[in-house]
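Heads up, the thing below is written out as structure tokens.
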């Protein structure tokens, strides 16, 4: 890998900052009294009640969750358009548009006067996230050498975790600003990662897949003919596909269709975004004070970033499945432990006190579940219903997520093949060798790899 490719992937992966920063900042500002008092006074009054109240329902508000989830609904819708834009105009231009839109949303949120401005700003942020999450991973996959693709792709994930950590630190630092405008600083500073990805996109080249039409390469090596032939074959094959969405319904693409749906769904239903979105709110619910809950979120962010660094250093050596399975086992244990500890203290009534040592132990267990954090398909759903689910399901909510983690881990063990050191253009051969997915692969399928070698 040349220094140029590394620099290019580093700049592109910074697109993860906008997603990570928003995940961290939204949970922090929703735990700030000044923010709640201005935009969500009913929630503010409920959590300030001195009388004994149901701890599980202190933050139960559909309007409050809409503030968080509206971004991800917009991102979900934008991702469908982003797919066509990315294919027609290139990954670089898609990242540029996403960064600029996110920048506009940050400006509106930072200067918001009412809930309507907040939601409009969140929608613009969501459009930016949708375009960035569509184009950046694809850009990284196409730029990275096959043997290092896992590491460079997780660079995007690392930027997400760094964005979360930075946001948590900003939340902690701005929460006690006199005058109660610390939340404006947090929301407005989302412009910084937006500027980084926007300026970065201006200097990035297109990927080899888009350059191949002009006979250019990007790796900086003269020995690229075989790889170049693969790219040409893949490009020619993609041009034949006029309707990619309907093409996915073909039998031979069943593995790709199932993976593209179930893996994001399972990962979202692990509850990881629940922890990242609402970490300060969750910690306040179980007994932490304002500052302590924000600091607990910082600690969670540190664990998240540290686990991602470990993944970067090991993914191309031990493989994706091993990390997937190890993370699943860790999260199952964490969800059961956390649910049990909270259930012992609050029961089903939601009434009771939790000691500081006990609360710290709960944090340590929860932090173990922050081993995998990805961009998820069901983000909007979980963000919108989590506080309501916590109010109704109480501590059993953690068992609910734990059950989904178990289902995910079983699915990965039996149905997800290892893709370590496998070029994207040769993935068809992986499916043909798999014990289950091979039955969907016809022997006479002329895949891209075969076309390139003929």
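Heads up, the Cβ atoms here are built off N, Cα and C, so glycines get one too.
For 64-82 (among others), the entry in TrEMBL reads transmembrane segment.
Under the heading transmembrane segment, TrEMBL lists 94-112 (among others). Tertiary proximity for the transmembrane segment (94-112) is limited to same-chain residues at least six positions away from its ends with a CB under 8 Å from its CB atoms, namely 12, 15, 18, 39, 82, 85-86, 118, 120-132, 134-136, 139, 184-185, 187-191, 193-198, 200-202, 204.
What TrEMBL records for 118-140 (among others) is transmembrane segment. Residues 9, 12-13, 15-16, 18-19, 22, 39, 66-67, 70-79, 81-83, 85-86, 91-92, 94-95, 97-109, 112, 149, 152-153, 155-156, 187, 190, 194, 197, 204, 207, 375 of the same chain, all 6+ positions outside the transmembrane segment (118-140), place their C-beta atoms under 8 angstroms from a C-beta of that stretch.
Summarising the annotation, TrEMBL assigns transmembrane segment to 152-170 (among others). Residues 9-10, 12-25, 28, 136-137, 140-141, 143-144, 185-186, 189, 193, 276, 279, 294, 297-298, 300-302, 304-305, 307-309, 311-312, 315, 373-375 of the same chain, all 6+ positions outside the transmembrane segment (152-170), place their C-beta atoms under 8 angstroms from a C-beta of that stretch.
Residues 8, 11-12, 14-15, 17-18, 21-22, 25, 28-29, 32, 34-35, 92-93, 95-96, 98-100, 102-103, 105-107, 109-112, 121, 125, 128, 132, 139, 163, 167, 170-171, 174-176 of the same chain sit 6 or more residues outside the transmembrane segment (182-204) yet have a Cβ under 8 Å from a Cβ within it. Look at TrEMBL and you will find 182-204 (among others) tagged as transmembrane segment.
For 257-280 (among others), the entry in TrEMBL reads transmembrane segment.
Under the heading transmembrane segment, TrEMBL lists 292-315 (among others).
What TrEMBL lists as transmembrane segment is 322-346 (among others).
The transmembrane segment annotation in TrEMBL covers 358-383 (among others).
The transmembrane segment annotation in TrEMBL covers 395-416 (among others). Tertiary proximity for the transmembrane segment (395-416) is limited to same-chain residues at least six positions away from its ends with a CB under 8 Å from its CB atoms, namely 258-259, 262-263, 266-267, 269-271, 274, 320-321, 324-325, 328-329, 331-332, 335-336, 338-340, 342-343, 346-348, 389, 436-437.
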